[in-house]
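> Would you mind keeping the following structure in view while I ask a few things?
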Ligand code: AMP
């Protein structure tokens, strides 16, 4: 059998369905594995022209995911080339944490928040134990399966760390989740960058909105200092040696109670440790998981009982397919999983707000630790607090992308 025949045989195994989303490096499709009947997600990565060489992002993702087998990390089931594209086959995940956070019909109890965050940290701990930095932690990279299990996904920016002196690019993470050492241009950094992003995720779960929303890197630092205060030399002795260090006018930290009004004292204590400025003294993932927040009542909700967005209706996928086209199905629009009911509609590259029920402009927060599930009410959000047009979530700048790709490829080709 020729190489092409083998490729075709593998590709024919999957019945392609609708598009689930689009990442930086390719489209993700839903598909059925006809051999097992399992629903899967297939990421199609353009391999590019021959002269551009191998796609290192894809190789990195495959290499690292093969090392990281865990219930809280997305499973890479298979990888195969077909028609000049590389196809990565993943277990199918129903939704993601961003969709949960943004769904105004979902009430998150303190136990639910604890459970989602505990699974996030458990996945991250496996990465760090294997010396892998994720470098793109954010709610929409935390996928959630039909059993409520949360799994870390999108390892396209992930990287092995731990060799002293090894330099990396600081242009990683979506800006709102970027640690201050990265914003100041650090080239040598460690697991603390993922820990900072985890702190942003916990604060976002608690407040139901992104915690630090800068609209440029400089503004991001400004937003951090406005809330957490400008770091003093005693808090962060190495700060002034960072490549892009600039002095910011002094601001005092706001009380955590004010920043996250609905959080328990334990949650606030954990937050303050996740947001430690000096990466050398920032809490580790292991220490965070051992924090009393996870053992105090209410205990983390059983994942199977966690609230998740209502399943989407499927509709016909009009796109032509390279893989074996499946039966006519009902499929949602492109980027469907990022479209939140009554909140934002993803329209090309711009978000716009749909008409929403403002519920008299009231915000109903997840109440204190003793809220029972019977008292659950759907969260209603006053969208005027977001302004007329919610800020679109920054990812890695598209302008930075080819530059970043070159840097990532160099990191991959020249491991010390
Ligand atoms: P990525 O390139 O990994 O960021 O994926 C792009 C988008 O595809 C994500 O934002 C998800 O909406 C969707 N997606 C990725 N992996 C899966 C999966 N395993 N199951 C379901 N949807 C996925």
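Note: Cβ is positioned from N, Cα and C throughout, glycine not excepted.
TrEMBL annotations: computationally assigned, not manually curated.
Straight from TrEMBL, here's the annotation block:
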ACT_SITE  136  active site, proton acceptor
BINDING   20, 21, 22, 23, 24, 25, 26, 27, 28, 43, 44  ATP binding site
COMPBIAS  311-325  compositional bias 'Basic and acidic residues'
DOMAIN    14-294  domain 'Protein kinase'
REGION    296-335  region 'Disordered'
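Looking at the shown structure, can you explain where the listed features end up?
Taking the Cβ of residue 136 (active site, proton acceptor) as centre and 10 Å as the limit, one finds 24 other Cβ atoms among all the protein chains shown. The secondary structure of residue 136 (active site, proton acceptor), as reduced to three states from DSSP, is coil rather than helix or strand.
Annotation note: residue 20 (ATP binding site) sits in a strand segment as assigned by DSSP.
Summed and averaged per residue, pLDDT over the domain 'Protein kinase' (14-294) gives 94.
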> Quick check: which same-chain residues outside 20, 21, 22, 23, 24, 25, 26, 27, 28, 43, 44 lie with their CB within 8 A of the centre of the ATP site CB atoms?
45
> Between residue 136 (active site, proton acceptor) and residue 26 (ATP binding site), how many Å separate their Cα atoms?
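So the Cα of residue 26 (ATP binding site) lies 16 Å away from that of residue 136 (active site, proton acceptor).
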> For a quick check of understanding: among the binding-site residues 20, 28, which residue's Cβ has the most other Cβ atoms within 10 Å?
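For the binding-site residues 20, 28, the Cβ with the most other Cβ atoms within 10 Å is 20.
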> Assuming the binding residues for ATP are exactly those in the record, 20, 21, 22, 23, 24, 25, 26, 27, 28, 43, 44, what is the maximum CA-CA distance in angstrom, rounded?
14
